[in-house]
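Reviewing the structure listed below.
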């Protein structure tokens, strides 16, 4: 029987780190096709195409420099061509681009394709919250799983030990995806609460912006710990309000929950840029250009989408930390007033 074909949709920092793992595993495991395609948004790097550089030097020199990709990972600049014939699609692009990509892929996938989203973010639907995996699943008519965890891309690429969580409703699919992605240093737990796993991945970026504000304002470790805890409480409260399936507190103790929250609040780009925002007074857009090579920050954008949903439901007051991050990023509230928003938190009433 032919091995299952895998396509990675996306090739940024995290997409390239995952390509390293998937490419290596696919080349060694009999039930996967060794050739892994990776859709690359074509860019010009010093007069050469990025796809050409990846396919000859086996390195994403722009988004994951210094790390060799397996030679069986093939960069393809056309997303439809990359996904043609794929049995498994791994989605790992900034969440604001997913709608357009799904529109391009519609009608071009083979029957029985499955997808897994590594995208941290949420979307607004007509009835409020829309998870990215739902957007993809409904658009393409494929079953979707998610992978979220304490996974800073550069550390995963360096093969430093970490854990992650796959949310998958179908145990057989969950096992297949685990085989494709697990390594001795990238350990995977599979749970069935897909919605909760994905909500964790999106909301922790908002909390990390708050943690970055604390660092930029020099508030110290106790304050930052309080921000992280209050953020976790808001994440759980939000999940219980908005997830259609069951929400157990145990899922928040998996890598996708508390572990991802901790690593993002101490090491991630949302924290780093938010700290610079509090220190320098420069805009988020300017700091993205200066610090992230033009890549987009997920935290502020997710805060904006969330705020719109909470407003719609009349629940803004129940989520003061999420609301404070939104107001500082988009409504010109002074960052120095961030802590005032937490002094009357519902948790303390």
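Backbone N, Cα and C atoms are what each Cβ position is placed from, and that goes for glycine too.
For the substrate site, Swiss-Prot gives 269, 270; the one candidate out of 100, 106, 110, 120 that the record lists there too is 120.
For the NAD(+) site, Swiss-Prot gives 10, 11, 12, 13, 14, 15, 269, 296, 298; the one candidate out of 153, 157 that the record lists there too is 153. The phosphotyrosine entry in Swiss-Prot, when matched to the candidates 326, 330, corresponds to 326. The closest partner of residue 289 (N6-succinyllysine) among the binding-site residues, by CA position, is 296; the full candidate set was 10, 14, 153, 296. Residues 120, 269, 270 are recorded as binding substrate; their most distant pair of Cα atoms lies 13 Å apart. By the criterion of other Cβ atoms within 10 Å of the residue's own Cβ, the least surrounded of the recorded positions 154, 270 is 154.
Sequence-distant neighbours of residue 10 (NAD(+) binding site) (same chain, 6+ apart, CB under 8 A from its CB) are 38, 39, 90, 91, 92, 93. According to DSSP, residue 204 (active site, proton acceptor) is assigned to a helical segment. Here the recorded positions are 120, 204, 269, 289, and the one ringed by the most other CB atoms within 10 angstroms is 204.
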